[in-house]
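Structure first, commentary second.
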(Lines of atoms letter the chains of each structure in order from A and count residues from 1; the text may use other names and numbers.)
(Lines give C-alpha, C1' and ligand atoms only; values in the text may rest on other atoms or scores of the structure.)
Protein backbone atom coordinates (compact mmCIF):
# COMPACT_ATOMS: atom_id res chain seq x y z
CA UNK A 1 0.00 0.00 0.00
CA UNK A 2 1.20 3.50 -0.88
CA UNK A 3 0.99 5.83 2.13
CA UNK A 4 0.40 9.45 1.07
CA UNK A 5 0.90 12.61 3.10
CA UNK A 6 -1.00 15.57 1.65
CA UNK A 7 0.14 19.12 2.36
CA UNK A 8 -2.61 21.64 1.56
CA UNK A 9 -4.54 24.48 3.12
CA UNK A 10 -7.29 24.17 0.52
CA UNK A 11 -10.48 22.30 1.41
CA UNK A 12 -11.30 21.81 -2.28
CA UNK A 13 -7.98 20.07 -3.02
CA UNK A 14 -8.26 17.96 0.13
CA UNK A 15 -11.70 16.78 -0.98
CA UNK A 16 -10.52 15.95 -4.51
CA UNK A 17 -7.60 13.87 -3.26
CA UNK A 18 -9.68 12.05 -0.64
CA UNK A 19 -12.31 11.13 -3.21
CA UNK A 20 -9.68 9.91 -5.67
CA UNK A 21 -8.01 7.68 -3.10
CA UNK A 22 -11.04 6.29 -1.27
CA UNK A 23 -11.88 3.75 -3.96
CA UNK A 24 -8.34 2.36 -4.24
CA UNK A 25 -7.35 -0.26 -1.68
CA UNK A 26 -3.67 0.12 -2.59
CA UNK A 27 -3.45 3.79 -1.53
CA UNK A 28 -3.95 5.46 1.84
CA UNK A 29 -4.07 9.12 2.85
CA UNK A 30 -2.24 9.00 6.18
CA UNK A 31 -2.71 12.63 7.25
CA UNK A 32 -3.05 16.21 6.02
CA UNK A 33 -0.48 18.90 6.79
CA UNK A 34 -1.82 22.46 6.84
CA UNK A 35 1.51 24.24 6.41
CA UNK A 36 4.97 23.66 5.01
CA UNK A 37 6.44 23.38 8.49
CA UNK A 38 3.82 20.77 9.42
CA UNK A 39 4.58 18.84 6.24
CA UNK A 40 8.29 18.66 7.09
CA UNK A 41 7.57 17.54 10.67
CA UNK A 42 4.96 14.94 9.67
CA UNK A 43 7.20 13.52 6.97
CA UNK A 44 9.86 12.79 9.57
CA UNK A 45 7.37 11.36 12.06
CA UNK A 46 5.04 9.36 9.81
CA UNK A 47 7.54 8.27 7.12
CA UNK A 48 5.01 8.27 4.25
CA UNK A 49 5.90 6.71 0.91
CA UNK A 50 5.25 10.02 -0.86
CA UNK A 51 4.33 13.61 -0.02
CA UNK A 52 1.91 15.52 -2.25
CA UNK A 53 2.34 19.28 -1.78
CA UNK A 54 -0.11 21.87 -3.08
CA UNK A 55 1.38 24.49 -5.38
CA UNK A 56 0.42 27.68 -3.56
CA UNK A 57 0.59 31.14 -5.15
CA UNK A 58 0.72 32.68 -1.67
CA UNK A 59 1.53 31.69 1.88
CA UNK A 60 4.13 29.00 2.46
CA UNK A 61 6.93 28.76 -0.03
CA UNK A 62 6.33 25.44 -1.82
CA UNK A 63 9.95 25.19 -2.91
CA UNK A 64 11.21 25.74 0.65
CA UNK A 65 8.90 22.98 1.89
CA UNK A 66 10.34 20.57 -0.66
CA UNK A 67 13.89 21.62 0.17
CA UNK A 68 13.39 21.11 3.91
CA UNK A 69 11.83 17.67 3.38
CA UNK A 70 14.82 16.63 1.29
CA UNK A 71 17.16 17.80 4.05
CA UNK A 72 15.27 16.48 7.09
CA UNK A 73 13.58 13.30 5.84
CA UNK A 74 14.28 12.52 2.16
CA UNK A 75 11.00 11.32 0.64
CA UNK A 76 9.54 11.43 -2.87
CA UNK A 77 7.59 14.69 -3.31
CA UNK A 78 5.17 15.66 -6.06
CA UNK A 79 3.52 19.04 -6.49
CA UNK A 80 -0.26 19.15 -6.95
CA UNK A 81 -1.92 21.84 -9.02
CA UNK A 82 -5.63 22.52 -9.27
CA UNK A 83 -5.28 26.02 -10.73
CA UNK A 84 -4.22 27.49 -14.05
CA UNK A 85 -0.62 26.33 -14.51
CA UNK A 86 0.42 29.57 -16.21
CA UNK A 87 -0.10 31.39 -12.90
CA UNK A 88 2.15 28.99 -11.00
CA UNK A 89 4.97 28.46 -13.47
CA UNK A 90 7.75 30.17 -11.53
CA UNK A 91 6.68 28.60 -8.24
CA UNK A 92 6.60 25.13 -9.81
CA UNK A 93 10.03 25.67 -11.34
CA UNK A 94 11.52 26.50 -7.95
CA UNK A 95 9.88 23.44 -6.40
CA UNK A 96 11.24 21.15 -9.12
CA UNK A 97 14.71 22.62 -8.73
CA UNK A 98 14.44 22.02 -4.97
CA UNK A 99 13.88 18.31 -5.53
CA UNK A 100 10.20 17.71 -6.31
CA UNK A 101 9.87 14.87 -8.80
CA UNK A 102 6.99 16.25 -10.84
CA UNK A 103 4.09 18.67 -11.03
CA UNK A 104 0.84 16.82 -11.59
CA UNK A 105 -2.74 18.04 -11.91
CA UNK A 106 -5.15 17.20 -9.13
CA UNK A 107 -7.98 14.85 -10.12
CA UNK A 108 -10.48 16.82 -12.17
CA UNK A 109 -14.16 16.94 -11.27
CA UNK A 110 -17.06 17.29 -13.68
CA UNK A 111 -19.85 18.62 -11.54
CA UNK A 112 -19.97 16.40 -8.45
CA UNK A 113 -18.25 13.46 -10.14
CA UNK A 114 -14.52 12.94 -10.51
CA UNK A 115 -13.39 12.06 -14.01
CA UNK A 116 -12.27 8.41 -14.01
CA UNK A 117 -9.36 8.86 -16.46
CA UNK A 118 -8.09 11.71 -14.27
CA UNK A 119 -8.30 9.53 -11.15
CA UNK A 120 -6.43 6.70 -12.85
CA UNK A 121 -3.68 9.00 -14.12
CA UNK A 122 -3.34 10.69 -10.74
CA UNK A 123 -3.05 7.42 -8.82
CA UNK A 124 -0.72 5.76 -11.31
CA UNK A 125 1.61 8.77 -11.18
CA UNK A 126 1.55 8.87 -7.38
CA UNK A 127 2.34 5.15 -7.17
CA UNK A 128 5.15 5.35 -9.73
CA UNK A 129 6.75 8.36 -8.05
CA UNK A 130 6.54 6.73 -4.62
CA UNK A 131 9.01 4.10 -5.86
CA UNK A 132 11.69 6.64 -6.77
CA UNK A 133 14.73 6.56 -4.52
CA UNK A 134 15.61 10.07 -3.40
CA UNK A 135 18.77 11.15 -1.64
CA UNK A 136 19.34 13.51 1.25
CA UNK A 137 20.24 17.06 0.34
CA UNK A 138 22.50 19.28 2.42
CA UNK A 139 22.27 22.96 3.17
CA UNK A 140 24.44 24.86 0.75
CA UNK A 141 27.46 26.69 2.06
CA UNK A 142 28.33 30.06 0.61
CA UNK A 143 31.37 29.71 -1.62
CA UNK A 144 33.48 32.26 -3.38
CA UNK A 145 33.52 32.47 -7.15
CA UNK A 146 35.66 29.84 -8.80
CA UNK A 147 38.73 31.07 -10.57
CA UNK A 148 38.50 30.89 -14.33
CA UNK A 149 40.36 27.98 -15.87
CA UNK A 150 42.73 28.30 -18.78
CA UNK A 151 41.23 26.64 -21.82
CA UNK A 152 43.21 23.86 -23.47
CA UNK A 153 44.05 24.41 -27.12
CA UNK A 154 41.59 23.25 -29.75
CA UNK A 155 42.07 19.58 -30.45
CA UNK A 156 39.14 18.61 -32.68
CA UNK A 157 36.30 19.91 -34.80
CA UNK A 158 33.72 21.49 -32.49
CA UNK A 159 30.05 20.60 -32.48
CA UNK A 160 27.34 22.95 -33.70
CA UNK A 161 24.43 22.12 -31.40
CA UNK A 162 23.52 20.37 -28.13
CA UNK A 163 20.28 18.47 -27.51
CA UNK A 164 19.21 17.44 -24.00
CA UNK A 165 16.36 15.11 -22.98
CA UNK A 166 15.10 14.73 -19.40
CA UNK A 167 12.06 13.59 -17.46
CA UNK A 168 11.67 12.89 -13.72
CA UNK A 169 14.27 14.89 -11.81
CA UNK A 170 15.15 16.82 -14.94
CA UNK A 171 14.50 20.44 -13.89
CA UNK A 172 17.00 20.27 -11.03
CA UNK A 173 19.53 18.42 -13.18
CA UNK A 174 19.16 20.91 -16.04
CA UNK A 175 19.69 23.83 -13.69
CA UNK A 176 22.78 22.17 -12.19
CA UNK A 177 24.26 21.84 -15.68
CA UNK A 178 23.32 25.26 -17.06
CA UNK A 179 24.61 27.19 -14.05
CA UNK A 180 28.10 25.86 -14.81
CA UNK A 181 28.12 26.81 -18.51
CA UNK A 182 29.31 30.31 -19.38
CA UNK A 183 27.27 32.73 -21.48
CA UNK A 184 29.84 32.63 -24.29
CA UNK A 185 29.09 29.00 -25.17
CA UNK A 186 29.53 28.95 -28.96
CA UNK A 187 26.50 26.74 -29.67
CA UNK A 188 22.76 26.68 -28.88
CA UNK A 189 21.21 24.12 -26.52
CA UNK A 190 17.79 22.58 -27.22
CA UNK A 191 16.00 20.85 -24.34
CA UNK A 192 13.07 18.46 -24.10
CA UNK A 193 11.76 18.19 -20.53
CA UNK A 194 8.74 15.99 -19.88
CA UNK A 195 6.32 17.79 -17.56
CA UNK A 196 2.66 18.66 -17.12
CA UNK A 197 1.25 21.33 -19.41
CA UNK A 198 1.26 24.92 -18.21
CA UNK A 199 4.58 25.05 -16.37
CA UNK A 200 7.33 25.26 -18.99
CA UNK A 201 7.17 29.07 -19.19
CA UNK A 202 7.84 29.30 -15.48
CA UNK A 203 10.74 26.89 -15.73
CA UNK A 204 12.25 28.95 -18.54
CA UNK A 205 11.82 32.21 -16.60
CA UNK A 206 13.37 30.74 -13.47
CA UNK A 207 16.36 29.34 -15.33
CA UNK A 208 16.86 32.54 -17.29
CA UNK A 209 17.08 34.48 -14.04
CA UNK A 210 19.57 32.13 -12.38
CA UNK A 211 22.01 30.79 -14.99
CA UNK A 212 24.55 32.61 -17.21
CA UNK A 213 22.94 31.51 -20.49
CA UNK A 214 19.81 33.00 -22.05
CA UNK A 215 16.90 30.58 -21.54
CA UNK A 216 13.56 30.79 -23.37
CA UNK A 217 10.70 28.67 -24.65
CA UNK A 218 11.30 27.82 -28.30
CA UNK A 219 9.26 29.48 -31.08
CA UNK A 220 8.87 28.08 -34.56
CA UNK A 221 11.17 29.71 -37.10
CA UNK A 222 13.32 31.47 -34.50
CA UNK A 223 16.99 31.88 -35.41
CA UNK A 224 19.37 29.65 -33.47
CA UNK A 225 21.80 31.70 -31.39
CA UNK A 226 24.92 30.56 -29.54
CA UNK A 227 24.77 30.74 -25.76
CA UNK A 228 20.99 30.38 -25.84
CA UNK A 229 18.88 27.57 -24.41
CA UNK A 230 15.55 26.68 -26.04
CA UNK A 231 12.95 24.62 -24.14
CA UNK A 232 10.32 22.60 -25.98
CA UNK A 233 6.83 24.13 -25.54
CA UNK A 234 3.91 22.16 -24.12
CA UNK A 235 2.64 19.35 -26.33
CA UNK A 236 4.90 20.27 -29.27
CA UNK A 237 7.84 18.59 -30.96
CA UNK A 238 11.10 20.52 -30.96
CA UNK A 239 13.71 20.24 -33.70
CA UNK A 240 15.58 22.33 -36.23
CA UNK A 241 14.90 23.56 -39.74
CA UNK A 242 18.22 23.33 -41.51
CA UNK A 243 21.15 24.54 -39.44
CA UNK A 244 19.87 27.99 -38.59
CA UNK A 245 16.29 27.91 -37.32
CA UNK A 246 14.10 26.18 -34.76
CA UNK A 247 11.24 23.96 -35.80
CA UNK A 248 8.35 23.74 -33.35
CA UNK A 249 5.60 21.53 -34.70
CA UNK A 250 2.46 19.56 -33.97
CA UNK A 251 4.06 16.37 -35.31
CA UNK A 252 2.87 13.09 -33.82
CA UNK A 253 4.23 11.74 -30.53
CA UNK A 254 7.28 9.46 -30.74
CA UNK A 255 6.74 6.34 -28.64
CA UNK A 256 4.07 8.25 -26.73
CA UNK A 257 6.18 11.35 -26.04
CA UNK A 258 5.40 14.88 -27.19
CA UNK A 259 7.74 16.65 -26.83
CA UNK A 260 10.14 13.79 -27.45
CA UNK A 261 13.88 13.49 -26.89
CA UNK A 262 14.09 11.01 -29.74
CA UNK A 263 12.41 13.49 -32.09
CA UNK A 264 14.87 16.19 -31.04
CA UNK A 265 17.94 13.98 -31.42
CA UNK A 266 16.81 12.74 -34.83
CA UNK A 267 16.19 16.27 -36.05
CA UNK A 268 19.58 17.66 -35.01
CA UNK A 269 21.28 14.56 -36.42
CA UNK A 270 19.80 15.18 -39.87
CA UNK A 271 20.88 18.82 -39.89
CA UNK A 272 24.20 18.78 -38.03
CA UNK A 273 25.32 15.15 -38.53
CA UNK A 274 28.66 14.64 -36.75
CA UNK A 275 28.54 18.13 -35.27
CA UNK A 276 25.71 17.23 -32.88
CA UNK A 277 25.89 16.32 -29.18
CA UNK A 278 23.05 14.59 -27.32
CA UNK A 279 22.73 14.41 -23.53
CA UNK A 280 20.32 12.00 -21.81
CA UNK A 281 19.47 12.94 -18.24
CA UNK A 282 17.49 11.41 -15.39
CA UNK A 283 13.99 10.21 -16.22
CA UNK A 284 11.55 7.32 -16.41
CA UNK A 285 11.17 5.26 -19.55
CA UNK A 286 13.35 5.16 -22.64
CA UNK A 287 12.75 8.43 -24.48
CA UNK A 288 15.83 9.46 -26.42
CA UNK A 289 17.15 6.00 -27.23
CA UNK A 290 15.54 5.77 -30.67
CA UNK A 291 16.78 9.22 -31.66
CA UNK A 292 20.29 8.40 -30.45
CA UNK A 293 20.51 5.62 -33.04
CA UNK A 294 20.11 8.15 -35.84
CA UNK A 295 22.45 10.61 -34.17
CA UNK A 296 25.22 8.07 -33.67
CA UNK A 297 24.86 6.79 -37.25
CA UNK A 298 25.33 10.40 -38.40
CA UNK A 299 28.56 10.64 -36.41
CA UNK A 300 27.24 12.62 -33.44
CA UNK A 301 28.32 12.22 -29.83
CA UNK A 302 26.27 11.24 -26.78
CA UNK A 303 26.52 11.62 -23.01
CA UNK A 304 24.35 9.90 -20.39
CA UNK A 305 23.97 10.79 -16.73
CA UNK A 306 25.22 8.06 -14.40
CA UNK A 307 22.99 6.00 -12.11
CA UNK A 308 24.25 7.42 -8.83
CA UNK A 309 23.38 11.03 -9.67
CA UNK A 310 20.09 10.22 -11.47
CA UNK A 311 16.78 10.54 -9.64
CA UNK A 312 15.43 7.86 -11.98
CA UNK A 313 17.87 5.86 -14.10
CA UNK A 314 15.39 4.83 -16.80
CA UNK A 315 16.27 7.02 -19.78
CA UNK A 316 20.05 6.97 -19.28
CA UNK A 317 20.01 3.23 -18.60
CA UNK A 318 18.14 2.57 -21.84
CA UNK A 319 20.61 4.64 -23.87
CA UNK A 320 23.63 3.03 -22.21
CA UNK A 321 22.20 -0.47 -22.54
CA UNK A 322 21.68 0.08 -26.27
CA UNK A 323 25.38 0.92 -26.68
CA UNK A 324 24.64 4.43 -27.95
CA UNK A 325 26.60 6.52 -25.45
CA UNK A 326 30.18 7.81 -25.57
CA UNK A 327 30.43 8.99 -21.97
CA UNK A 328 28.59 8.09 -18.75
CA UNK A 329 29.08 10.96 -16.31
CA UNK A 330 27.98 12.16 -12.88
CA UNK A 331 25.77 15.23 -13.03
CA UNK A 332 28.50 17.56 -11.79
CA UNK A 333 30.77 16.64 -14.72
CA UNK A 334 28.31 17.10 -17.58
CA UNK A 335 28.59 20.89 -17.96
CA UNK A 336 32.37 20.71 -18.19
CA UNK A 337 32.15 18.07 -20.90
CA UNK A 338 29.53 19.97 -22.90
CA UNK A 339 31.72 23.07 -22.82
CA UNK A 340 34.86 21.17 -23.78
CA UNK A 341 33.21 19.39 -26.71
CA UNK A 342 31.46 22.57 -27.89
CA UNK A 343 34.78 24.38 -28.00
CA UNK A 344 36.46 21.57 -29.92
CA UNK A 345 38.64 20.39 -27.07
CA UNK A 346 39.28 16.84 -25.98
CA UNK A 347 36.59 15.78 -23.53
CA UNK A 348 37.42 15.75 -19.82
CA UNK A 349 37.69 12.19 -18.70
CA UNK A 350 34.64 10.15 -17.74
CA UNK A 351 33.51 6.55 -17.95
CA UNK A 352 33.64 5.78 -21.67
CA UNK A 353 31.09 3.55 -23.41
CA UNK A 354 31.17 2.52 -27.04
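Glycine is no exception: its Cβ is also placed from the backbone N, Cα and C atoms.
What Swiss-Prot says about this protein:
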ACT_SITE  167  active site
ACT_SITE  194  active site
ACT_SITE  287  active site
DOMAIN    3-121  domain 'Response regulatory'
DOMAIN    158-340  domain 'CheB-type methylesterase'
Pairwise CA distance, residue 194 (active site) versus residue 167 (active site), rounded so that it is a whole Å: 5
Confidence summary (mean pLDDT) of the domain 'Response regulatory' (3-121): 87
The domain 'Response regulatory' (3-121), counted residue by residue under DSSP: helix, strand, coil: 52 helix, 30 strand, 37 coil
Set of same-chain residues at least 6 away whose C-beta sits under 8 angstroms from residue 287 (active site): 165, 167, 192, 194, 254, 255, 257, 260, 261, 262, 315
Residue 287 (active site): secondary structure state under DSSP, collapsed to three categories: coil
Active-site residues: 167, 194 - member with fewest neighbouring CB atoms within 10 Å: 194
